[in-house]
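Colleague: Have a look at this one before I ask anything.
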Ligand code: BGC
């Protein structure tokens, strides 16, 4: 069974996924925020904003075929600017933290903004999440596709090189949403771009946190952090610790285990896991199952690491789309990326991009339902 969609040549395509352009209101300064919606006939749809490439809504069916919005977010565009929690956003140029905002390339030191205590986080105050991207193309079909681009000027946010970034979102009729970031530069620079969706598979409007979600992480090691959440350099085995999700555990089972120093530092999970298998190849990173709805999210990625964040800093200062106040643990993030602070650690995966090279970060979010 599939929906019939008319493609650009006027022919009908069975099983094709619909694509629509729209608008998502205006910002306080009067700029319009364009949007795109991709929707298939299997109950899955996604709304993407030109502002930050934000995934503002993501609907997926439960075990009875009932769809619900499974990502946290705001009802208006301006809230994404005023109350940054990076809901659904594209984060960059460097997602995650860089110690003291400093790094050097070819002997030259660079100083980035320090916007997270002493460190640089998610590209600084005006990172990729706060800028208007260009909706380059939108196409229905099998799969449907939206391509967004952003040109980051040389020196923007303190980063060297003009960076040309493309974010491609595709939705197929197998309930797979893929996101692919690509970037090129005209000078050596550093890059780490990811998507910062906060999921709650019970539904964004459901009055429940994510602690009952059962999580599997295909990662036997993670990178512990210091008091300001910068990796110490150690690659620690998860075995025998509260960080072991190689077999499914609920997110809440051990999140309050105060005997674990790493959980105390992060106020929960806020750590980079080293995904098993070969970086550069699409492989399973995570599987999350929400028992009441049956919704299952599987994450496949080619990046070496995934930041698992259990929504520790959601502190009731943001009111979401369905007028629900978001509190600690109401959503979780899985952010495929190179490791935090890689530019300062030669033993971590490389975050450097040279002219002539193309940075690629691909992730697939596969939704299904368990009986
Ligand atoms: C970080 C958290 C941070 C959050 C901001 C996550 O990627 O790991 O420490 O508070 O982003 O929304």
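Backbone N, Cα and C define each Cβ position, glycine as well.
Since we're looking at a predicted model, the values are computed, not measured.
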Colleague: Among 29, 270, 276, which residue shares the beta-D-galactose site with 96, 97, 196, 197, 198 according to TrEMBL?
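Modeller: Looking through 29, 270, 276, the residue TrEMBL assigns to the beta-D-galactose site is 270.
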Colleague: Cα of residue 96 (beta-D-galactose binding site) to Cα of residue 335 (active site, proton acceptor): how many Å, rounded?
Modeller: 9
Colleague: What's the CA-CA gap between residue 196 (beta-D-galactose binding site) and residue 335 (active site, proton acceptor) in angstrom, rounded?
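Modeller: Here the two Cα atoms are 6 Å apart.
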Colleague: For the C-alpha pair, I'd like the distance in angstrom between residue 335 (active site, proton acceptor) and residue 198 (beta-D-galactose binding site), rounded off.
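Modeller: Distance between the two Cα atoms comes out at 10 Å.
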